[in-house]
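Accompanying notes for the structure given below.
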Amino acid sequence: MVAFGKKLKERSIEEWQEYYINYKLMKKKVKQYGPQIEVGSLDRRHVLKDFSRMLDHQIEKIALFMLEQQGLLSSRLQKLREWHDTLQDEPDLSQIAKLREAYRAVGQDLLKLLFFIDMNAIGIRKILKKFDKRFGYRFTNYYVKTRADHPYSQLQQVFRHVGLGAVVGAISRNLHELQNNEGSYLSIYDQPVLPLQDPVVDSIKNAVDRLTHSTNFLNFMAQHALIMQDDEDLLMLPPDEQAEKEEGRYHFMSLLLNLANTFLYMVNTYIIVPTADDYSMSLGAAATVCGVVIGAMAVAQLFSSVYFSAWSNKSYFKPLIFSSIVLFFGNLLYALAYDFNSLALLLIGRLFCGFGSARAVNRRYISDCVPLKIRMQASAGFVSASALGMACGPALAGLLQTDFKIKNVTFNQDTLPGWVMAVAWLLYLVWLAISFREPAREPEEIHTSQESTSEQIFCGEADQDGNIEKGLKKPLLLASEETEHDEEDDGDGSEESSDDSRKPANSFVAAYKLLTPSVKVQLLIYFMLKYAMEILLSESSVVTTYYFGWSMSSVSIFLFCLGLTVLPVNLVVGSYISNMFEDRQILLASEIMVCIGIVLSFHVVIPYTVPQYVISGFIMFVSAEVLEGVNLSLLSRVMSSRLSRGTYNGGLLSTEAGTIARVIADATITLAGFLGQSMLLNVTLLPSLIICVLSILATCYTYNSLY
């Protein structure tokens, strides 16, 4: 793979060559620091100071050139504004056409400047990561924090493209006013809903979107999905080349089929929750065996996530076909277990359903095949489909209140979820076979691991100690064997990449070795919230029947209402709260709220009431939803870039952590059932409380490294 140094040289704008980051010089300087430290000619503080000074100089050069170009663009726009004013008094169609072309020419030059900024931003991120990798020290966070927060920050100029918004606005507004050659002047401010059909403005908007990493609802929802992305090579291409490269891979109907698969699988997961205890008792088992029935699907998913993730390296269509067939038969077995009076058949059916979990394929399709400009929306759609399926599953179960037989086959509230889902998967299979298009793959396509584009520009990789002084007390230079492993050839600037430093992890052990303490804590938090949510949902029918005598319909309504909170809560957090507070602050506050919800759920001395259960359940569930979104947002930033590709990627690790939590939670419910239903609630909540307290302590310990 051609590395960044050569790409920068090939794709830089020739007349602006001297204003780009001198990546080769910076890289060579990093290489020289090693021997100098070994012989004692330089100490650690001097290295950090010297490297910071060099990088400051490079950023200043870039920032000042940006300001100069902004000034030139602004001057041209001012002259065009004067020309525009004269045409308002005496409209001339030919002059209006020329004026539009003049604005488009400015827009094209603005695109060049945005591409210049993009290349330099990538270069700065890469050289910071190279310094961290070579010396085993997380310098990135210290540098970014001290420079970005300064009132006269030049780093902000580069990464936040300060001032360019006014230029973009001027071009967009004037082209919008001139879009009608009849002389009708329409303002984007007065009528913002009016579409502007101009390819230049569309290209500018896409370029700005690539550079902008501000938090909003779609961004928050996209990170909630933890779609691991690897598009740095693509980002460094001009927009027209990006579109050409993406063409042939994206197919709207195929994306829709992946989202439908996500939705149906979540419906399949939760449709049995309200009736699992009743089904278990009808087969002669205890009500608490519902934990095993519900958890069997999660057990199988532990294995299916791995082989589906590996299978998606070669195909997307075949795994989805296999998933649909397995889920069809799984639901068929689940429904037939009633007439065969077989608990074993019931569990086998649920295991089959778990073996059909293709969520890894759904995630992978979005990260690999959906164009950058709509990937955030697609990722948010993945989360929304999951949330909608989670809400619709129990609601659908509540509607299946009937009991009849056709020949010797029973259709009642216990078996109908299986029959309905079997039909749904059969119809989906037909739709899939007709409409899905396998994406085009490049010859010898290699999924290499680079910096994830979902990573916030300002975050870099997390500093494990969050303190520059603490870092200075550690050995700055790693063993020569390790540094040589990551070194790149500087002879001709071609920068051959080290295979080991870029290739994806090839096993769980290799993936685990890439996990920093910050990432481990985030996975622990994910485990905790999934455990707490599974306890709440899976035992709801048993607990509410025992304490309140709720019917299956009442349980369905309760679970449906819980599911409906997912999207509104994420909307509030993604659009408002995350703009007022840091992610790590929201993370810690959400953990505390989950802990409060768990504590309030305990049955201690006083009679257990419906308001106590419902209020504590909503506090726990809503807080866990907020926590999940923020947790995955942070996880996508602090996780190694090598985990953005391959079979054992970050998405798989988080899925496995959550699935293991669900398996243990469901097993806990069944085991606690041996102590009697009166003890079930408190016994299952106690592990949740312990894990939650541990996760809060771990978060406090790594708080300074969560950026």
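Count begins at 1; order follows the chain as displayed.
Heads up, the Cβ atoms here are built off N, Cα and C, so glycines get one too.
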47-67, 614-634 - the range that Swiss-Prot marks as transmembrane segment: 614-634
Which of 252-272, 557-577, 679-699 contacts the transmembrane segment (416-436) most, counting Cβ pairs under 8 Å: 252-272
Interface present between the transmembrane segment (380-400) and the transmembrane segment (557-577) (three or more C-beta pairs under 8 A): yes
Composition by DSSP (helix, strand, coil) of residues within the domain 'SPX' (2-145): 127 helix, 0 strand, 17 coil
Segment-segment contact (the transmembrane segment (679-699); the transmembrane segment (586-606)) at 3 or more Cβ pairs under 8 Å: yes
The transmembrane segment (342-361) and the transmembrane segment (586-606) contact flag, 3+ Cβ pairs under 8 angstroms: no
Same-chain residues at least 6 beyond the ends of the transmembrane segment (252-272) whose Cβ lies under 8 Å from its Cβ atoms: 279, 293-294, 297, 316, 320, 323-324, 327, 331, 334, 350, 353, 356-359, 361-362, 365-366, 369-370, 378, 381-382, 385-390, 392-394, 396-397, 417-418, 420-421, 424-425, 428, 431-432, 435-437, 439, 537, 559, 563
